[in-house]
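Participant: Per TrEMBL, signal peptide is recorded for 1-29. The feature domain 'Ig-like' is assigned by TrEMBL to 46-133, 144-234, 268-354, 361-448, 454-540, 544-631. The feature domain 'Fibronectin type-III' is assigned by TrEMBL to 648-743, 748-841, 846-948, 952-1049, 1050-1142. Annotation comment: TrEMBL describes 729-740, 936-945, 1272-1289 as compositional bias 'Polar residues'. According to TrEMBL, the transmembrane segment annotation covers 1155-1176. Taken from TrEMBL, the feature compositional bias 'Basic and acidic residues' applies to 1185-1205.
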Amino acid sequence: MDGKRSCSLCGGAMMIMMMMMMISHMTSALEVPLDSKVLEGLPQPPTITNQSPKDYIIDPRENINIFCEAKGKPHPSFSWTRNGTHFDVEKDPKVVMMPGTGNLVIDISGEKAEVYEGVYQCIARNEHGSAVSNNIVIRQSRSPLWSKEKNEPITVQRGTSLILQCRPPAGLPPPIIFWMDNNFQRLPQNSRVSQALNGDLYFSNVIMEDTRNDYICYARFPHTQTIQQKQPITVKVLDIEAMNDTVLAAFLNGSDFWGDSPSGERVPSFLHPPGMESTTMVLKGDTLELECIADGLPTPNISWTKVNGELPSGRFSFYSFQKTLKIKEVTEADGGDYRCIAKNRMGSSQHTITVVVRAAPFWISAPQNLILAPKETGNLTCDVDGNPKPTITWSVNGNPIESSHNDPSRKVSDGVITLSDVQTGSSAVYQCNASNDYGYLLANAFVSVLAEPPRVLTSLNHEYSVISNSRALLDCASFGSPLPKITWFKDSQSILNSDLYHIHKNGTLEINVAQPQNSGKYTCIASNNLGNKENHVHLQVKEPTRIIRQPEYKEVQRNSIAVFECKVKHDPTLIPSMIWLKDNGELPDDPRFEVGSDSLTIHDVTEDDEGTYTCIRNTTLDQDSASATLTVVEATPTPTMILEQPDPPTDLELTDQRERSVRLTWTPGDEHNSPIKLFLIQYEDSLHEPGVWLNMTEVSGTSTTAQLELSPYVYYSFRVLALNGVGLSESSDPSRQYRTNPAKPDVNPSDVEVSGTSPDTMTISWRELSGLESNGPGLQYKVSWRMKDAEQWTTVTLANVSQHVVTGTPTFTLYEVTVQAVNDYGEGPRPEVVLGYSGENSPTVAPENVKVSVQSGTEAEVHWEAVPLSSVRGRLKGYKVTYQKMRSLHKQDYDRENPQVLIFSGEETVGRLPDLHPYSHYRLNIRAFNGHGDGPSSTDQQFQTPEGVPGPPTNVNIRNLNLDSLLVEWTPPLEDNGHLTGYLLKYQPINTTEEAGLLKEVLLPANETSYTLDKLTHSTHYKFFLNAMTETGSGPAVTKEAFTEVDEAPPAGPMFGNVNSSVKEDHAVISWEYLGPDGNVYVEYVVDNSKEPWKTEFVNGTRTFQIRGLKPGMSYRVRLVAKDHSDATIHSTQEMLITVPAMTNRQAEIATQGWFIGLMCAIALLILVLLIVCFIKRNKGGKYPVKEKEDAHQDPEIQPMKEDDGTFGEYSDTEDHKPLKGSRTPSNGTVKKDDSDDSLVDYGEGGDGQFNEDGSFIGQYSGKKEKDTAEGNESSEAPSPVNAMNSFV
């Protein structure tokens, strides 16, 4: 019954769809699926799938392999042209075409490879058309020998510049140049000596150390892996200024002398490029290399700037000691003038290089294959750019389109071919060729005219399972020509796009948030004008997996047991598994860890078990996780033996050496009373990360060997560490180095992401491979992209970058992207396809049917219709509602406020506007926005808010009129929020405890701004409440308090309570209790026993007061008084006496005391007497003989002489005390002891000796005994007349 109902319903829908499909339309590219059932009997023109590069350099020692592979139905046949004419493969016994392909294998054994040089092109054809390959230029690699030459020695003056030319033989491809010596060691280079891009060796200035006879230039030809060597060059550097003519002639014998350039210090000049200006050309996308090498002494420093611009951020780098500027991925913006500046302390010079950027043709949009139904129309677009602008030519089936038969359905307009009303049998392959002076692009795109009824490729009755509240995708992959239209049904009900369902262009049905009620059978129908095909799939929505009892934090003692629970609730049709992790890694491989059905038990816990444990419960559809921490504390300590870290392992040995593995063995060290739990093996990669040791693997403590898995192109060294219960040992000595051979990459870059940065660009980014992952030299990244479901990939190959920006992309279009690693040894594995969108643009349509519903005076609700998703041009982020108060309806003036903006999500079509002003006029509009920006705003909507309650009255003031009357005054509210209807005044008396009396109300008209209250009780405290009112109600009240005036008669009882005081050195603090009205209390005080008038201070409503300016040691009388409005005293406290303490003794001047002056005089006299005694003692003894000292020390330089005759004599104390001309004394009165063993200190007090400016000694010899006596009593005081005199005693 259900089946009949479904068919009858589908039949009606099919009739409508078939009528719609009869209308002719433009179509986009339709890819023929590779499903074998679909391909069976389905015609397809040829498509080139693999071909050799355009410029193919071959090794003359190996066979030539030229690739040409294609697909098609029927399978295409292949033929070749060479140099524009047919190449008959069968007639050449040396040439073999591989079966099923167009691949050529040319056996060049016994032949010269140049015989087969030329331009090759492959043609793949079947009955539906012909596809052609690129022009493949075959050239053999060449590494010619260096021409024989004799290099004469070069003699050069020190300081001059020098150029050693390399000039290698021309090779294909060009050789790599480097300079070495006889020992095959690279010649050192620096800012003074460097190799230019052309291979020549430049010296900015030569030094004597540059003299050598083994300057050798080597040329390595990479294709043949051969190295050619130039004859050694001898350089002799002379310092002519230090040589006479005879020596110079001997050095110059038979040598070329470089003596024309200056040799002294000089301003820099440019050796290369010469002059002040030069020009160079570079192609867009290539790497620009600019070079400046300067002569000069001292060696110049090179710097670079771009004239009228900045160097491109992130794309430029410097090489060869700043002499070379490299800019990668050149763009048109990199054209212009670049200036290099050479500078030393003598001055600077500059050279300007003009860079002209040209561009070989590049694709903006390559033509795509078309599958058209009869009578349909389609376009082939060949959109390219370049500099100069490329010329576009079209061919069909390999022949110029001008020479093909005239087809009235075909119209060619530069880069576009329009095919109209196509007919069966008009299938063909079109070639677009875009060329300019710097290259060409060739693309094949077939047009296949098919009439195929729909086919559904998704398997019948496929079952889908999803978790509740997640997204469900039901596939309906189909094929047909014309392109089938997909319609979905559930339980005989048609499914249309809505908030719940979305049908994608490829026919996939998306259920945004699947619920259990969405389970059931779904039917998809694929239809075109040739028929329809239906398929059934089933959806099951299951309950989510949830952990209902999570593991909890544990703190356990060492050697005890820890248990973590992890119980789960799940869908009964799903069986969850359980995984436990420790610190986000696997559990230790240890029998102490026991995993139960709902728990983890750790036996005999140790400190190593501390960490975070995570329970993960997995099903085939979802998972849940929870974590807890384990802390281990020490148990009650017991006496134990001494435990230490183990000794490091020894005797590391490498055996069983293979391409990707090696076996490491070692001898364990001493365990030190704690068994070794494991061995940690680390490695160092001295090729990529020298000096960095990384963990490689762990093995059990009972093992002494490990099989290690290795990566290619790594220079391994290994070391081993042992771990016991105490900790890790020191590392072992490293093993010998083990080098693995290079290989193609094993992995591709990870974290590939696609993001749109602007409407016409797309950024592809990835994480670069590490040196360990590169597997070989020449690591590059092959980046490919295409529109989703398009056939043609666009590919670039990059190095040392982590992103690529694709320009010229259509706005917010889904792309497929791959990033593959490539090195000199091949390509990495097939990369995964990543999907992402190109850049967004602002929405183009404003929300419509905007309506505002006013809810109250402060709130409104706005409704609108969602904008079409096709107009968003990106991801709809939401809607911005902008509203603005234009004016108040009451004031009739334009007091506009700043606009306010509320943001609502893209799913919402209704929003609430809060905090509006009542009784006001508003304006509102709405706009959609996405990640790029805002769309156009809707038409402005006007609305008004009703009246609300008014704001509070302002400037409320209460004044006394007489004993029983108060006047209340105010001004209207600042915010009327409507028409004022009046004021409500409430008042009540309150006593000192703030207990309220009877509340009375007075209703006042709106034009009143004051009111007099009569017949009030005098001397009474009142509280007032004043509200403004509109028709809506009363606004907030203003509260005020006031007193009626005090009666003339004194109060019946006392008005003051307890009075207290506290006294300081210069002020007193008075506090009291007061029962009367505020505002009439005074403090009065006067000096005791004085006839001065009382001083009066107004209290100003407080209960404390500070009396300042009191004199120390004085007594004062103080009282409190209360006065009425006529300033008459109505009450007074009793007088109290306060005394201010006198000034303390510490304030007296000690310097004026007589005893202190006498003490200072006595001390000064004592010091003077001691100085006189010391002076007499030091001068006792007169003259001192020095003959014994002279006999013991025969150094004539230290013997004293008389000034008149120069003979040795004695020193007189009288002469010694005379001032010595030119003598100098250090600030501490000492002279540092000489380092010589024959020191003057041996003769006396050498530490006090003095020297003239010429170094002669002017001190005094003294006896050894006196020197010893004075030992240790040296003074560090600054020199004084007494000290200067004592130094000669």
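Our numbering is plain: 1 for the first residue shown, then up by one each step along the chain.
Backbone N, Cα and C define each Cβ position, glycine as well.
Whatever TrEMBL says is automated annotation, not expert-curated.
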Participant: Would you call the domain 'Fibronectin type-III' (748-841) and the domain 'Ig-like' (268-354) in contact, using three or more Cβ pairs under 8 Å, pairs 6 or more apart in sequence?
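Facilitator: Checked: the domain 'Fibronectin type-III' (748-841) vs the domain 'Ig-like' (268-354), in contact.
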Participant: Is the number of Cβ-Cβ pairs under 8 Å between the domain 'Ig-like' (361-448) and the domain 'Ig-like' (46-133) three or more, considering only pairs separated by 6 or more positions?
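Facilitator: Per Cβ check, the domain 'Ig-like' (361-448) touches the domain 'Ig-like' (46-133).
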Participant: Quick test of the contact rule: Cβ under 8 Å, at least six residues beyond the ends. What residues does that give for the compositional bias 'Polar residues' (936-945)?
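Facilitator: Sequence-distant neighbours of the compositional bias 'Polar residues' (936-945): 843-848, 850-852, 854, 856-858, 860, 862, 864, 882, 889, 916-927.
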Participant: Looking only at the domain 'Fibronectin type-III' (648-743), what is the model's average confidence as pLDDT?
Facilitator: 91
Participant: Quick one: DSSP breakdown of the domain 'Fibronectin type-III' (648-743) into helix, strand and coil?
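Facilitator: Tallying H, G and I as helix, E and B as strand, the rest coil: 0 helix, 50 strand, 46 coil.
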Participant: By DSSP assignment, list the helix, strand and coil residue numbers for the domain 'Fibronectin type-III' (1050-1142), in that order.
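Facilitator: Going by DSSP assignments, the domain 'Fibronectin type-III' (1050-1142) contains 0 helix, 49 strand, 44 coil.
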